[in-house]
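What TrEMBL annotates here:
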TRANSMEM  21-42  transmembrane segment
TRANSMEM  48-68  transmembrane segment
BINDING   S107, K113, E114, D143, K284  UDP-alpha-D-glucose binding site
BINDING   K285, D309  Mn(2+) binding site
TRANSMEM  468-486  transmembrane segment
TRANSMEM  498-516  transmembrane segment
Amino acid sequence: MDEGRQPLSRKLPIRSSRINPYRMLILCRLAILCLFFHYRILHPVNDAYGLWLTSVICEIWFAVSWILDQFPKWYPIQRETYLDRLSLRYEKEGKPSGLAPVDVFVSTVDPLKEPPLITANTVLSILAVDYPVDKVACYVSDDGAAMLTFEALSDTAEFARKWVPFCKKFSIEPRAPEWYFCQKMDYLKNKVHPSFVRERRAMKRDYEEFKVKINALVATAQKVPEEGWTMQDGTPWPGNNVRDHPGMIQVFLGHSGVRDTDGNELPRLVYVSREKRPGFDHHKKAGAMNSLIRVSAVLSNAPYLLNVDCDHYINNSKAIREAMCFMMDPQSGKKVCYVQFPQRFDGIDRHDRYSNRNVVFFDINMKGLDGIQGPIYVGTGCVFRRQALYGFDAPKKKKPPGKTCNCWPKWCCLCCGLRKKGKTKAKDNKTNLKDTTSTQIHAVENIQEVIVGVSDAISNGYDSWGPLFGRLFFALWVIVHLYPFLKGMLGKQDRMPTIIVVWSILLASILTLLWVRVNPFVAKGGPVLEICGLSCGN
């Protein structure tokens, strides 16, 4: 069979020699649990019946929770991707790349708590991914409207002109400069290019100068002027009031903009700070992601979205390709809703005394969930299908035509068949009408129109967040947990034990989503605010 026509991924069940002993242990525990409840129920404590009944109810509750916790661990699976088949199918020699475009969302709030240098490394690792440059767009959401983040991103765009061609020329990993230059390894291994050592030294020197610039910006931002920050042309920075400011959008890099030092195009880099007004609930990160969905729909409108936190850089430059092996699979790709990468962190002590690696959750529970329905969304490192976020149902498989019955005359079966065929055709027409209705928004030439549209839509709020959490798990979407051979996303956490940070953010996000309702297209009634544009120099 032709290699390019074979599936782009496959499931790898855990070996029986490893999983069957664990299953036997679960069954033994279940049998012991049944014997325990048999004894507890048949031997009540008459002298303290109320206390006995309360304890039995609590024990039953914990038993049920334990049983439910075993289901995800019963059938764990692993997944394997074939990047060579992806290239054979969608990247044919002499033809434009057929890989789907991807919009990458990076979210940040407070640059004093989330260092701009870390955010810059995340952005640089995204711009340097092993993916066609015209298919990648990076959107940075600054929910704090900080001038420090804006200026740091401007310097990052300038440094990317040198960093991106260096990464692609020598195929270095990882492509976040801070972690690449801190690696304790032989950087000359598998590097045969004669100019590599010289260019690496020059790049390291350039990166040190870049770090000095970013650190100088951070030092300057510590002392806020009484009248607030001002831009280069002397006008006040629109985000001086964090809770009351207009929307701001600045395109730093793009297809027709600045090129790298080798004269090649760079991926699009866009700064976004959504509008905020007093009296409106902005829903924190969920609202920021929604604003990025709207902005990206106007500028690039890629069918797939990858969201990462500002402190999670792309450790594997082929991570997007790994996700596309599921999303673009000709057999099952259309039913895949999102691909979730596990969270991994740098800077963890060797003994991992606080369980910061979260092995049980990502290596056992998530793989087990992938074996039954699909993993949960952990808030970062996830590739979404835009169509699913817009509320469309997963495509349904067409049922094969039923066999002709022999118990009725042929003319009766023929009439019934025509009647059913007519109903099916009408139903298909309705479905096709919904599926073919264009959800794309064509790009506009005037960036001020983008600012006006996004500003007005965000200020008026949103009506429903139902399509994401109402249909994602109940509309037959397939969800994938990808644990590649090389870790796809790595985070940097050194403020406190990572396990505390991860679970506090995860629980807070889950609780927040109970009140968040967002629809990328439907806006609810509200005051129409004054149109405001922004023109900032690099």
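Each residue, glycine too, has its Cβ placed from N, Cα and C.
Since the structure is predicted, the reported quantities are computational estimates derived from the model, not experimental observations.
Features per TrEMBL, on structure.
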residue : record                           : contacts (Cβ under 8 Å, 6+ apart)
S107    : UDP-alpha-D-glucose binding site : S141, D143, K285, A288, M289, L292, N307, D309, C310
K113    : UDP-alpha-D-glucose binding site : none
E114    : UDP-alpha-D-glucose binding site : T108, C310, D311
Legend entry - binding-site residues compared (K284, K285) - the one with the fewest other Cβ atoms within 10 Å: K284
Inset, instruction - Tell me the Cβ neighbour count for D309 (Mn(2+) binding site), meaning other Cβ atoms within 10 Å of its Cβ, over all protein chains shown. - result: 23
Inset, instruction - Look up D309 (Mn(2+) binding site) in the DSSP assignment and reduce it to helix, strand or coil. - result: strand
Inset, instruction - Enter the number of other CB atoms within 10 angstroms of the CB of D143 (UDP-alpha-D-glucose binding site). - result: 21
Inset, instruction - Would you measure the largest Cα separation among S107, K113, E114, D143, K284 for the UDP-alpha-D-glucose site and round it to whole Å? - result: 16
Legend entry - CB-centroid shell, 8 A cutoff, UDP-alpha-D-glucose site S107, K113, E114, D143, K284, site residues removed: T108, V109, D110, G144, K285, A288, C310
